[in-house]
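Structure, as C-alpha cells:
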Amino acid sequence: MSTTVSQIDEVKTTPWAGGRSPFAVEYGKMMMWFFLLSDAFTFSSLLIAYGALRFSAVSWPAADHVFQSVPLTSVEHGAPLVFVGIMTFILIMSSVTMVLAVEAGHRNSRKEVIGWMVATVIGGFMFLGCQALEWSHLHHEGFWWGSIPEHLNEYFTKDATISASYTQQFANLFFTITGFHGFHVFSGVIINIVILINTIAGTYQKRGSYLMVEKVGLYWHFVDLVWVFVFTFFYLV
Amino acid sequence: MSLEHTENHEHGEAHEGMTRKKIWVVFAILLAVTVVEFIIALYLVPKGHMKIETANPVYILLTLFKAYYIVAFFMHLKFEKAGLIYSLVVPILFIIGLILVLTNESHHWVALFAR
C-alpha cells in the first residue's frame, strides 16, 4: 500500500481552511467594523443628499457669513471658522487620548487606561457643549428646522442671489446632519463612561484583555472621522 | 495569492501597531492638514491668491487624506488582515456610486426648479 497521503486527506492550514478566524479579529471587533460600515452608509446618504441639493441650488448661504461668531466671547462677527476650528481640535484631541487609552490597554496598565478614558470623556463633553452653543446661537438668529431669519442679506456673499428656499434647505440639512452626528457623539460619550466604569471596577484586568476599550475606540474614531467630513462640507466648501 | 498575503501578515502583527510616538506623529499630521485648510479658507481665498473653484477640490483631497490617517492608524486598519481591509473598503464603492449618480442627477434638478 502506498504511504503517500492522497491530496484530499491533507490537512489544510490556510486562513480560510476553517478552525480559526480568517480575519484574525475577535467577533465583537469585527461586528463593530461592520456596524461602522453601515453607519458610514447612513452618514454618506445624508451628506450626498446635502451635496445634491446644494449642486442644484442657484445660490447657497456662505459658510463664512453664517458661522462667524464665537459663543461665550464678545466676538459676534468677523471671526469665521474660529469656533468650529476649536471644536475640530477638541474632537481630534479626544481621538488621540482614545488611541492612547487603547495603547495603555495593550500594556495592561489599568491606571493609564483610566486616565486617558477620563480625558476622552471630558473631550466628548466639551465637544457636545460647543455643539449646543453653536446650535443655540443659530437658533437665536432665527435658524431652525422649518424656519429662517427674516433678513437674509448678511448670510450671502455680495453679488449672490438671495434665496429663502435654499436658506431653508441649508438650515434643515445643517440641523439634521450635525444633529445626527451630535447624537453619535452623545452615545459615544455614554459608551465611553460605561467602559471607564468597567475599567475602574477592574473588569478588564480580571479578563486579562482591554479589547473592549479597542472596540469603543473604533466607534469613537468613526465619530471623529464623520466630523472631518461634516466640517469640510458645511464649513469649508 | 491573497491567501499568502494574509498569512505573511500574521507574524508581524504583534510587533506592528501604534507606539506612543507614532500616535503623536499622526496627530501632528492631522493638525497640520487642518491648519492648511484654515490658511486656504481664511487667507488664500479671501485675498484672491486662490480661486474657490481650485480650493474646493483641494479641501476634499485634504479631507480624504485626513480620513486615511484616522482609519489606517487610529482605527488600526492598516495592520489588520488584507481580507478584513478589503471587506470594509470595497463596499465604499457603493458610496462613490451614489455620489456619481446624485451629482449627475442634481444638475437636472436645476432646470426642474427653474420651471
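Just so it is clear, glycine is given a Cβ too, placed from its N, Cα and C backbone atoms.
As recorded in TrEMBL:
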DOMAIN    A:1-237  domain 'Heme-copper oxidase subunit III family profile'
TRANSMEM  A:30-53  transmembrane segment
TRANSMEM  A:81-102  transmembrane segment
TRANSMEM  A:114-135  transmembrane segment
TRANSMEM  A:183-204  transmembrane segment
TRANSMEM  A:216-236  transmembrane segment
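When each of the listed stretches A:30-53, A:81-102, A:183-204, A:216-236 is scored by C-beta pairs under 8 angstroms to the transmembrane segment (A:114-135), A:81-102 comes out highest. With a cut-off of 8 Å between Cβ atoms, the residues of this chain six or more beyond the transmembrane segment (A:216-236) that come close are 29, 32-33, 36, 39-40, 43, 47, 50-51, 63, 67, 81, 84, 87-88, 91-92, 94-95, 98-99, 101-102, 120, 124, 174, 177-178, 181, 184-185, 188, 191-192, 195.
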